[in-house]
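The structure appears right after this line, and notes come after that.
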């Protein structure tokens, strides 16, 4: 009888502890309601007005505001539903013309609270991952700290303003079902997610290969039945999303809004990815050749001030097209896809999905720095698997959060974002240290030694574990000191020494320096995937 009560007691304990974590994060988010918000705030308010004021066949045509609707239909339906609540709060919020640039307290409060309420989806995703797998209490707490208390989500969703927590909650739900072996449900939720935000489609090849091999590859008859069912589920989801627009002959408009390739390779603030180095190399070569007397047209640099869509052509290196980036992402993904086909293990799903999103981040077209959340959040699921995973995640999470700092450029938000990052770093350190203590190293030592033998390393992770506790190597410490130097230069030394000259340099340094760590992280993850059994 006591054994039967234990799982129920553990389940209750998990729920109450997770709710406490979520309650603390909600209090912080409520305090941030009056803080800075970006133009994305007006973007989403305008989408409320579009979906509430216009018939469906005009949603993807309307140009009353420059902030046109460019998300898939499920997100448009979502805006349509909450627009009724917005109308009850303040009818002007959903007025298509009078509501333009509306900044009353009512609209601020409503939209901020809508994001907080939608984070319940993230809470449920984390809850499913916490309750369904044999995690110890420390492993659960670690995941809650990394996801529920993520400073990146606070900065992007609850200050800058977006709904990433809601969307990442759907992704976490999908992953949890896949790790349970409930592949059909996991695929269904991922299809739903794609109809909310198409940028999550970078992981679609991983889902396709894994589901085909793990779920459908069961002999001719059973396999044919399963692939038919899976295909029917996916088609039904997309039909529900896009069917009304097909009926109204709007699909060309919808696709054109969702994939505006004319925006250029990079965003106005360069995301810290591969293309940072490509652009710098091109500009450096052009400058050098011009100094040597060659007639090289050097394009005007648009490091910080360009509108979305401004992108200077390359002077020396080959031009990059959307097709080029698509091929590069697929090539980078190919080792992961091969591994997913050869050995489709449910426990590897979160790592493969995170790797896919990192490939999209590094090599994709017009990537936003906010997209780093797409791989940082899923990686939290496996961050406590080994000391090597923990050390890798610790640095990557800090760099991902720091790369978001330029989103909050006003002085009054500076202490908040710094405090969020510092608190998160301390909490991560404490959580990893609690997980990798001397009393709990037996399993970690075996795992670390096994990894070292596979990779051919000597004196790395196992030595550190045997010494007890969580620590990072001297290279990681040096890198973090360099990150501090970049911030000191951008915030204090550059304005003092150079004034208004070279205003692009601080942002350029952030992009380049953060890109170094993210490129290293990509290589590290690729190695982990290749050498894993």
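From the backbone N, Cα and C atoms, a Cβ is placed for every residue, glycine too.
TrEMBL tags one of the stretches 301-317, 352-368, 369-385, 386-402 as transmembrane segment, and that stretch is 352-368. Residues 418-436 are the range that TrEMBL records as transmembrane segment, among 418-436, 437-455.
TrEMBL lists transmembrane segment at one of the ranges 93-108, 141-156, namely 141-156. In this chain, the transmembrane segment (141-156) touches the transmembrane segment (418-436); three or more CB pairs sit within less than 8 A of each other, excluding pairs fewer than 6 residues apart. Here the transmembrane segment (352-368) lies next to the transmembrane segment (320-340) in space: the count of CB pairs under 8 Å, restricted to residues six or more apart, reaches at least 3. Pairs of Cβ atoms less than 8 Å apart link the transmembrane segment (268-289) most often to 502-523, out of 141-156, 188-212, 502-523.
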